Amino acid sequence: MAAEHDSDSVEPPGSEALLDAVLRTLYDLGETEGETEQKRIRKKKAKKRDSETIEDVAVEPLPLPGSPVRGQKKSASSFFQKLREELQSAPAAPSEVPVTTAVSLSPPKNGSKLVEVVEFQSKSKKRKLKSDEDEPAKNKTKVVKKDVDIQEFNLEKARLEVHRFGITGYGKGKERVLERERAIMLGAKPPKNTYVNYKVLQKQIKEKKIAVEEEKRAARETDIFKKKKKKGRGQEDRRSKKSAPSILSSGQVGQVGKFRNGTLILSPTDIKKINSSRVAK
């Protein structure tokens, strides 16, 4: 008993506060009067000591349950070890759990901290990928549209050049009128109509009608004159054909009938002449 009392007296002064803190975390013992201020101080001290003990455990591996402990800290470390054995009385081995904690809490060798690598994919990259995929289709449509526009522009330009070249064949007065019509066709505003008095307008209409009628009469007269000429020529041709004796049917040569396309054609008069000549003989 005396040895046990001596070992308790050797314990460090902060062991009682640590024991109280551990017991209060495990069991709800309730609060007494005047403990509020002391409790705060004890909690701060307990947190500092717990952090120190955890760092010691992380740096130095925990000893096995049968191994001896260093000098003065023998009683406190043995007490904590017993508590852990009681709390962690599970089917798993008790020595394996602290080793894992030690490994997890052990800092890296060169004093460098472990850094988590996070890959961040921004929306702009996704949009760029989609735009890169859509670019060839857009380029194709643009090329097709450009080709169509070029063809249409060339056709319009050619049409205007042909129209301009056709105007040059007329006189200056008509050329100006045609140029004005071309400008109106391209979208220019036509000139305003000139206002004329009603009586003057009636005279102009009558003059136009008279001019049209005269042109029609002249055309008719020319047509009649041409027809008369054609008729006279036709009658003269017929008379010349009848009056001109055929070389083959002339009595001087002694040939009867006419040749057409290599065949001899005899008229009924020719046949009668032949028959009468035979009877006379």
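Every residue, even glycine, has its Cβ placed from backbone N, Cα and C.
Between the listed residues Ser67, Ser106, Swiss-Prot assigns phosphoserine to Ser67, with no corresponding entry for the rest in that record. Between the C-alpha atoms of Lys172 (N6-acetyllysine) and Ser267 (phosphoserine), the distance comes to 69 Å. Other Cβ atoms within 10 Å of the Cβ of Ser267 (phosphoserine) number 12 in total over all chains.
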